[in-house]
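Asker: Input: one structure, supplied below.
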Amino acid sequence: KLSVSPEMDIMEYCRKEWRGNTPAAKRMRKGYEAVAQKFASIRRIRGDNYCAFRATLFQALSQATQLPRWLQSEDFTMLPENLLSKYDWIKQWQLRQKPGKRMGEISDEMKEYLILLRKKWKTISEIKGPLEKQEACNKLFKNEDEEYSLYEALKFLMLNTAIELYNADKSGRRVPVFSWLLFARDTSSNPCQLMQNHLNHIGHSGGLEQVEMFLLAYALQYTIQVYRLYKYSTDEFITLYPNDPEQDWPVVTLITEDDRHYNIPVRMCQETTL
């Protein structure tokens, strides 16, 4: 199974998917037309509740030219040990590949996933030619074991970021607005609940909710720009996670028709000037 399908002309894809004359189909076509002003092609992302991770990571790696600062830090791979020493409840982390195994037993595996994330990011960012870089990304996203190990690492980074934000708020420091929303939910009033009721289920029984897209963006220190096609002609048609991004964060672009499944636009059109 291909995780990321070969590219296809955006408008051709749109005509195939949205033929009817319903208001929804008309809105989708308008949305795709707007995206086609900027991008020539689309690549479909396999839908299995990991599609937000898959689309974001694929885009980040395919345009990476250096290793992000947070991936360079010495204690990056020590995260599982460090967090487990402070928070006993992290032992309830559920690994996709090993359901039933507790975090206490898998912290070495989590460390391996973080090392794999750093290694792949470094290798791909050092490839100079765009075609070779694309090829390396295609190859990585055909290797199911490695791919799911990377998503496990991303989930763990999201948990770490959530803990940092929660502690910052509790000690009276300023935190982004989404952090309040994240912990205002009945199901995630603290990082432990977030892990048990949300992060443990991503990829199994659900994907990322909107507020978790913010958390993913913060964990990666990337701005995730999303064309939300069903919101065409509203202020939310192009949504940024976070909506007040840091100046130096790189930007990745995704497309969604429903905030559940994500595809990726590729091949930026040359800006045409009148």
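Using the three backbone atoms N, Cα and C, a Cβ is placed for every residue, glycine included.
In case it's useful when we look at the structure, here is the feature table from TrEMBL:
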ACT_SITE  Asp48  active site
ACT_SITE  Cys51  active site, nucleophile
ACT_SITE  His261  active site
SITE      Glu236  site 'Linear diubiquitin binding'
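Map these features onto the structure and tell me what's around them.
Answerer: For Asp48 (active site), applying a Cβ distance below 8 Å and a minimum sequence separation of six or more within one chain yields Gly203.
Within its own chain, Cys51 (active site, nucleophile) has Ile45, Gly207, His261, Tyr262 as residues 6 or more apart in sequence whose C-beta sits under 8 angstroms from its own.
Within its own chain, Glu236 (site 'Linear diubiquitin binding') has Arg228 as residues 6 or more apart in sequence whose C-beta sits under 8 angstroms from its own.
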